[in-house]
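Below: one structure, written as structure tokens.
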């Protein structure tokens, strides 16, 4: 047997083992999914758990079908989605902008420091009632909730990453006579892209929190409203349906951000 | 008339608890087309001095003039190459080497071609669209040299540019840099703590003593060594005796460093 075919065979075997491992991972993931939902269904039917409180997958599915047919699910879903996406984008963009301003003026950042700490420690959802009074019980105040919850933490994280850019990159640009804006554009911002993207991932989750809480408070439309309404009329099938839809769409948004990450960050790897 | 002139440079760094004098009374002149080295133990303020010459740092006292102009105005004529390549990892090689031209807004077809020709001269044809990560350390340092030369500076400053490379690559690059600079007639300042490198590459060596940084002694290299390439200079018969002389001077500086 010559060594060449030996290597080829070895490689094939290695690829097969990779494939086999992937299959097993997928298999167990599927098992967990099935066990969870069938367990839930069985426990509910056998009255091991209170079906009034925990509902059951089958009832949730039936409710899903009726709400799809009469179109009410899409109305609520689209409200919540728009609010979350707007809040998310607003929070990230404004947070990054604030970080840029702080980077631009070190004096300002020193002055602002204690205020940022206070604002960051503050539970932002506690501002909900004030927002609603100030902006009205509407789309605007819910978007504001979705944005405000992520804006300060974005500012702090992105500003820190701006400051941590290797000063030698700045030195290279300075030897070419770069202005502060050019330094920002050519070195600071692109070097911080990975951090900005990872805050995007965190902000997806945060914006959902802000929007759902906002909908609890405004209580007129959306998936958050579905939860609070289901809770008030003791229809927990409705609550569960809303939770599942939120889980699915929050995951989709997260995946989209990951896709963006792969598109944006290229350095030949 | 001297090309670059430093008069009575002093520099002091201040911190909350101390004031450290990094440089004290540095005066020197460098002629056009000359290649000089700043040699000295670490902490002798060599890098500080380069930053001052580059106009990045204002000295506490003293003046630096390039062709009788203050360096703050003449900074476009100065190229600065750092210890590591510091190529921007998210830019392609082409974007990296054109960076200086882009920054000062002078990028056009002719200097773009010039930069790409330089790249080719450095033996790096066909890497324009690649990213720095895909290149070896020696290749990246050559790209960094092209980036520095692309703006056609009159004075080039090299801050230990070979110290992060393996020995073989370092020897090859010394030759390449030396030949390139000679063929363009550039004036250059090399900062190094490698005695051999200083002797092999330069026309004159300024030996610095530390804390505070001062010019301790100046060595003028014989013509034979100047004309030889760095690699051949290392094999020249005069090399080892000069090495011994410089070595002894460096040793004599040691006791003053003892804490």
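Using N, Cα and C of the backbone, Cβ positions are placed for all residues, glycine too.
Curation does not apply to TrEMBL; its annotations are automatic.
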Handout entry: transmembrane segment range according to TrEMBL, out of A:53-73, A:116-136
Key = A:116-136
Exercise for the section: Look at every Cβ pair spanning the transmembrane segment (A:206-228) and the transmembrane segment (A:24-43), keep those 6 or more apart in sequence, and say whether at least 3 of them are under 8 Å. Expected result: no
Exercise for the section: Could you tell me what the rest of the chain brings near the transmembrane segment (A:142-162), counting residues at least six beyond its ends with Cβ under 8 Å? Expected result: 83-84, 86-88, 90-92, 94-96, 98-100, 102-103, 109, 116, 119-120, 124-125, 127-128, 131, 135, 188, 191-192, 195-196, 199, 202-203, 206-211, 213-215, 218, 222
Exercise for the section: State the non-local partners of the transmembrane segment (A:24-43) in its own chain: residues 6+ outside its ends, Cβ under 8 Å from one of its Cβ atoms. Expected result: 49, 54, 56-58
